[in-house]
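Asker: Per TrEMBL, the feature domain 'SH2' maps to 1-68. Summarising the annotation, TrEMBL assigns domain 'Phorbol-ester/DAG-type' to 155-205. Marked as domain 'Rho-GAP' by TrEMBL: 218-409.
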Amino acid sequence: FHGIISREQADEILAGVEGAYILRESQRQPGCYTLALRFGNQTLNYRLFYDGKHFVGEKRFESIHDLVTDGLITLYIETKASEYISKMTTNPIYEHIGYATLLREKVSRRLSRTKNESRKASVTSEENTPVEKITSLVRRAALTQNDNHFNYEKAHNFKVHTFRGPHWCEYCANFMWGLIAQGVRCSDCGLNVHKQCSKYVPNDCQPDLKRIKRVYCCDLTTLVKAHNTQRPMVVDSCIREIEARGLKSEGLYRVSGFTEHIEDVKMAFDRDGDKADISASIYPDINIIAGALKLYFRDLPIPVITYDTYSKFIEAAKICNPDERLEAIHEVLMLLPAAHYETLRYLMIHLKKVTLHEKENFMNAENLGIVFGPTLMRPPEDSTLATLNDMRYQKLIVQILIENEDVLF
């Protein structure tokens with residue numbers, strides 16, 4: 001560290017010593033520190049940032065020496081191979097070998113195990129659905145692509161990663177350079193690529209169950225793809241149990257179960273997945289199962305009615321003409337990701353069954369809308385005022401979805 005010195009003084013100290021560096025305090029901005037680095041026969045000056053570690057963008061370093069080492073590697077690569085780097089993504093290996101091939105093999109093996117089950121599910125759902133009620137052929141085609149209901153599109157969940165030892169990009173097959181944070185890794189499937197290559201990777205992530213540590217608080221699409229299910233198994237299991245023994249329960253979904261028992265159900269799903277035992281012998285109070293289902297929806301990082309579509313649903317609810325409002329809601333439904341759409345569809349069919357037992361459970365579509373409105377949709381910004389202002393529209397949306405599920409879905 002050389003104290004407060006000018007750029008010219010730093011240049012004199014470093015002159016002729018390639019790769020040398022010093023630290024100095026800025027003359028123009030006292031209290032701000034600058035790294036002066038000699039590279040390519042010139043002195044380069046970079047402002048330093050520190051919050052417990054030195055950081056440059058997303059890269060974080062324990063010491064200035066590590067920062068400089070990584071910087072020199074990056075500068076050398078970018079100087080000597082800039083033309084090559086710009087062409088790296090033009091002829092990717094992704095579609096021919098590596099991850100894509102392994103992905104196809106994995107899916108083929110998985111499909112061979114579940115082919116019969118998939119076909120049975122397909123026959124069951126399609127034979128009981130009159131053709132005139134299929135309002136979206138495109139949606140149906142997406143759900144049955146490759147003879148598999150569960151082939152939903154999913155973007156990779158890339159996060160900056162430090163690779164130990166030499167690593168190559170699984171998109172372009174080129175070396176990942178640098179000392180730390182050389183590239184990004186998908187935390188759901190493990191795909192390793194350059195950060196610049198990640199922009200070109202298709203939305204074909206196939207999450208690995210080994211990387212999915214829990215069921216609750218997990219992204220909905222990630223969960224269903226990891227388990228190769230049409231909907232989250234929590235939704236299927238809870239609804240199956242509720243319909244078997246709870247449709248006539250007074251105040252269903254409105255009456256709360258014991259919080260500690262609901263937490264037990266949550267832990268059971270996180271631990272055992274679809275093998276979790278939620279039968280009457282373990283949880284005789286059906287409100288516990290109903291509470292666990294509501295908790296699952298509340299804990300989703302992206303609600304069933306996504307942040308991207310939230311404002312469109314609210315605007316649709318404000319339309320006065322009932323027919324126009326219904327059409328607007330249908331159009332917004334088509335914008336939901338496939339797994340979210342399918343989960344919402346299944347839930348609405350279930351809630352419609354709940355309303356058919358209103359004489360016993362005292363739960364009509366409006367009451368269920370009050371319960372499920374804030375559970376299924378939340379405003380993108382964490383604003384209490386926005387939530388309060390939109391509450392009646394949230395209730396109305398769910399109420400309309402229940403009452404018109406046979407038309408809207």
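Backbone N, Cα and C define each Cβ position, glycine as well.
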Asker: DSSP on the domain 'Phorbol-ester/DAG-type' (155-205): how many residues come out helix, how many strand, how many coil?
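Answerer: Tallying H, G and I as helix, E and B as strand, the rest coil: 3 helix, 13 strand, 35 coil.
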Asker: Within the domain 'Phorbol-ester/DAG-type' (155-205), what mean pLDDT does the predicted structure show?
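Answerer: Across the residues of the domain 'Phorbol-ester/DAG-type' (155-205) the model's pLDDT averages 89 on the 0 to 100 scale.
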Asker: Per DSSP, what is the helix/strand/coil residue tally across the domain 'SH2' (1-68)?
Answerer: 13 helix, 26 strand, 29 coil
